[in-house]
């Protein structure tokens, strides 16, 4: 039940176009609890879900690849245009680009999260199915899932890391003067990324929940999560509502 | 040191984004029998990143028994067939711990504060560029659904059977079929395959940055995205497996993506218009921009964290499944042996049933103990090897 609630929350916080692309966990669970869950129907539904994931994932990935390139070009053009001028316009444009980079990074991470949460949901639902029917569907089926395109997130992860590296170069070093703004940053960051930030926080909280250790902890369960300094961010239990920054 | 001067954007910067260090690649391929590591990131050092398999789904047509990588737009194909076609992904399991730190270390110290600074890859990137065709040749094709030899992988991270057998596109789509064979099965789950009854047999194209770059080159050669036609682009790219439909849809996406940012760049007005009109005082302007920057930085940190955790979780999930399968195999083997023994001996001895019962609970115990190991292994992965939390801290401090 916990996972069901969590995935629902995730879906609610997710970007609008994504909302119907997630695993229909509840429906599948209901199917399983029906008196005679037919395997063919169940598997058929799962396969349809997998197709949905694959199609969506691959398409998003394609968009990311294009955007990735375009962002590089933009940076290149900006640098060529302004060199290392410190004029206001340059600063604003670089600010714009930084925002785009962070949001782009965020969206890609969310896609990786999408992949993971759907995989996790599948694993769980298969476990429930086997438990209910005494079948052995889980293991071979999950092996198939592991080979699916939506599960292969390596490329997106790679792009994510590349942008992290680039970001380090594009952001000013943390100075003491700058550190003083952290508090206000926490408030405005909710607005800075809007949906993406909220979604990210929701995802992290979900992961923390999932890895807390469940009543049905067993051989196939994940070990507890070890979040260290991110707890600082997650401490406000509620997701901060977007507050408009005075532009 | 100016930015534009030393880094010469187009060739080196681009290759610093997609970089490939073919020498290390070759080295690893030949010596350590690693699967071809594709798309290594911008570090100049031993990258050991998650190597990404080239995702093209095998075509049912033609003599190719497995799909060609879309990135192989360089025509020399003779190498690709002899290349290994393993699941590159599995190599990422033992290796994920390392890339972060190495990448951090590879960044030069001379980063300009507050401005763009792409790492002066210098010679390594120019090297990469010149050897690009070679590397592109080495791009292997589909690795979908390869059955990695998990037990070997556990034992020795370098060993993943590297025979260059031509894989047969098996159709293991039927729902509960277990692909038992070892490495080179191509999973045609999304490819056109007649036996894919439970999966729609759609040919799914998966783009890669390299292929996209070829696409962009073609577009530029043809005079821009408005003038280029799909047919011409397709011809220029010259990548087997790429159809005009793929190009068409990609072109459409490309045009859309270009159109939006063009607006904001071409107009000389700064996007943050209101900021300018309200705040003329430079100090206030600075304060707000710092706030925004810090907000972005914070957002970035949270995103990074999520990503790290996702990768860790994924690794664990893979390990869990792999352990499960391994044990399953062991149980089955043992049961088989028991069966054979039973059949072999004419009279059932008293020792048999005991052996049976003793073999039953032990796998469960083993699986539980495996999970325990994973647990401690998980936390030690986070702490000892310095990934991810160590790496994160490092990155933050470097800020």
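Please read every residue number as a count from 1 along the shown chain.
From the backbone N, Cα and C atoms, a Cβ is placed for every residue, glycine too.
In TrEMBL, the region 'Disordered' annotation falls on B:79-106 of the listed ranges B:23-50, B:51-78, B:79-106.
TrEMBL tags one of the stretches B:143-162, B:163-182, B:183-202, B:203-222 as region 'Disordered', and that stretch is B:183-202.
Across the domain 'HTH myb-type' (B:199-259), DSSP assigns 37 helix, 1 strand, 23 coil.
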